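**Student:** Here's the feature list from Swiss-Prot:
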| type | residues | note |
| --- | --- | --- |
| BINDING | 13, 14, 15, 16, 17, 18, 19, 20 | ATP binding site |
| BINDING | 65, 66, 67, 68 | GTP binding site |
């Protein structure tokens, strides 16, 4: 029997740089996530987690920052534990410019974790940079989020880190609203505005394409069945060809008017179909629902 494959993502960085968004993204992709875990407890956490499901693959993402204790720069212990359990471990550091961090704190009106020291916000940011410098230096990747909005950051995490780069083709099925623009990174874009719109059904208007009532409505529409059948046949043919052409990942986007019902339903259905066909690296991203 093939031994289980485990992966561990350590997410660290500056407060306000997008660490929470990144961790939530991994959670949405079925990673087992924990935030602000004290560094000294990480080896015990890994041992316990792997014993719970020792026969299955484990994908774990853990957030560590200045709230995780005074030993955040001591990386040897968790690296040693990860290696001992044959875990592929990666450290990602999220950063942003001082100007960006100041603006984000002003917009959210949140307190900086170091504000209890009596520091001004610029002083707290400067001290945090100093305290987290060893983590930044040790990271496999430093992600500067200064120019990212939430949607762009989530997409970046999905395509660059959450979907593994291997000989397997990674698939991202995305939904969007045409009125907010077509995703520029999409490899295939399908227009669902021609399909019946659940928005005009009063009992469905407040729901999304993830809800069973909307799914039932869509599956009763002959045009929807035909649309899905033809797109499924197209993608089944060409995704296999793209993998043979050594592509790493493909983004398939579905658009409708509001990005809430039809496009979400189609993205979810195609992701489910892809998993049933044996594609192991599959994710969904619903831009207008985030």
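Just so it is clear, glycine is given a Cβ too, placed from its N, Cα and C backbone atoms.
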**Student:** Using the alpha carbons only, what distance in Å do you get between residue 14 (ATP binding site) and residue 65 (GTP binding site) once rounded?
**Tutor:** 7
**Student:** When you measure from the Cβ of residue 19 (ATP binding site), which residues in the chain that are at least 6 apart have a Cβ under 8 Å away?
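**Tutor:** Listed in sequence order: 11, 12, 13, 63, 65, 94.
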**Student:** Measure from the CA atom of residue 66 (GTP binding site) to the CA atom of residue 20 (ATP binding site) and give the result in Å, rounded to a whole number.
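**Tutor:** That separation, Cα to Cα, works out to 14 Å.
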**Student:** Using a 10 Å cut-off on CB atoms, tell me which of the binding-site residues 14, 66 is the least crowded.
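**Tutor:** Looking at the binding-site residues 14, 66, the Cβ with the fewest others within 10 Å is that of 66.
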**Student:** When the Cα-Cα distance from residue 66 (GTP binding site) is computed for each of the binding-site residues 15, 16, 18, which gives the smallest value?
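**Tutor:** Checked the binding-site residues 15, 16, 18; minimum Cα distance to residue 66 (GTP binding site) goes to 15.
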**Student:** Just how many other Cβ atoms lie inside 10 Å of the Cβ on residue 15 (ATP binding site)?
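**Tutor:** Excluding its own Cβ, the number within 10 Å is 23.
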**Student:** Taking the Cβ of residue 17 (ATP binding site) as the centre, count every other Cβ atom within 10 Å, in any protein chain shown.
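**Tutor:** A 10 Å sphere around the Cβ of residue 17 (ATP binding site) contains 27 other Cβ atoms.
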**Student:** Provide the number of Cβ atoms within 10 Å of the Cβ of residue 65 (GTP binding site), excluding the reference atom itself.
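**Tutor:** There are 23 of them.
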**Student:** For the recorded ATP site, whose residues are 13, 14, 15, 16, 17, 18, 19, 20, find every other residue on that chain with a C-beta no more than 8 angstroms from the centre of their C-beta atoms, and list them by sequence position.
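**Tutor:** These residues sit around the ATP site: 65, 94, 96, 145.
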**Student:** Across all chains shown, how many C-beta atoms besides its own are within 10 angstroms of the C-beta of residue 16 (ATP binding site)?
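**Tutor:** Result for residue 16 (ATP binding site): 24 other Cβ atoms within 10 Å.
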